[in-house]
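Working notes, structure below.
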Amino acid sequence: MPYKVEALPDSYAQLGEGPHWDEARQSLYFVDLESAGINRYDFKQNKIYKAKIEGEQWATFILPIEGKPQEFAVGCTRRVVVVKWDSCSPVAKVVCTLFEVQPNDKDNRLNDAKCDPEGRFFGGTMFDGEGDIFTQWKGQLYSWQSGGPVNVVRDQVGISNGLTWDAKAKKFYYIDTNNFEVVGYDYDQATGAVCKPKVVFDLRSIRPEGPLFPDGMTIDTEGNLYVATFNGGTVFKVDPKKCEILQEIKIPTTQITSVAFGGPNLDILYVTTADKYDQPKPAGTTYQVTGLCAKGYPGVNLKL
């Protein structure tokens, strides 16, 4: 049976990003990045709840905080803040700041972030000032654990984007969009340390008329990667061990931003998209893809 792509109801976000499946609530959280919007799709109700974070311009990711059901870590400009939200109300409020990065780099902001299997923060920054963001390398990738310092994992990053882990294979996978590739690292789950980077998927040669921009990413239980392409209308299923494309999942809009497995059986691939630079409808819609014969992992909460 072929896979099936369906739009979620009332799911428009001008720059949808950061899908995170919350297993306890059977809900998909995601952001509308440039409007400080945070959203929750309730699977059982088939309904989306939307909120704006009071006094903020950006919401670049949303991560539930372990043991605190009304608190979330959210990227606001260069700060990782704690936001209080009941997951239903139209307004959310910042409670405190966990940490700030690159405080003097006013043209930079946070972008994608996730938690590793142990609940540590991993996320990075990008340049978002005047000029071509795809030719700047002013960002960084960070890791952080509650009570500790912010560690720079990688410097001279273009657009810090997709992150995912394969705990069984002891691997961490990472995307810097401006390098057109997915890089795999050896990963120590006990310490969170990563080392020995190796390119496992190079997007430069896929489309002859110009390179595809890799964006968000997730992994299935077999260790295959799912890579969103911001200008390609496609999610690529990739075997990172063989550097081989296994499947092309076509989405009915061009700017595919990120992906996450979810649903009661963790076999639905949720896909966020963007409506940037005058895209035609249905740009900005969030989709569910069923019939992929694959399962993933739920999102990991941030441990404080």
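Glycine is no exception: its Cβ is also placed from the backbone N, Cα and C atoms.
All TrEMBL annotations are machine predictions without curation.
Feature annotations, courtesy of TrEMBL:
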type	residues	note
ACT_SITE	Asp215	active site, proton donor/acceptor
BINDING	Glu17, Asn161, Asp215	divalent metal cation binding site
BINDING	Arg109, Asn111	substrate binding site
DOMAIN	15-274	domain 'SMP-30/Gluconolactonase/LRE-like region'
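Projection of TrEMBL feature records onto the structure.
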residue: Glu17; record: divalent metal cation binding site; Cβ within 10 Å: 26
residue: Arg109; record: substrate binding site; Cβ within 10 Å: 24
residue: Asn111; record: substrate binding site; Cβ within 10 Å: 27
residue: Asn161; record: divalent metal cation binding site; Cβ within 10 Å: 30
residue: Asp215; record: active site, proton donor/acceptor; Cβ within 10 Å: 28
Cα-to-Cα gap, Arg109 (substrate binding site) vs Glu17 (divalent metal cation binding site), nearest whole Å: 14
Distance [Cα-Cα, Å, rounded] between Asn111 (substrate binding site) and Asn161 (divalent metal cation binding site): 7
C-alpha spacing of Asp215 (active site, proton donor/acceptor) relative to Asn161 (divalent metal cation binding site), in angstrom: 6
For the divalent metal cation site built from Glu17, Asn161, Asp215, further residues of that chain with CB within 8 A of the site's CB center: Gly18, Asn111, Asp112, Ile159, Gly162, Ile175, Thr177, Gly216, Ala228, Phe230, Thr257, Ser258
Whole-number Å value for how far the residue listed as 'active site, proton donor/acceptor' lies from Glu17 (divalent metal cation binding site) (Cα to Cα): 10
Stretch-averaged pLDDT - the domain 'SMP-30/Gluconolactonase/LRE-like region' (15-274): 97
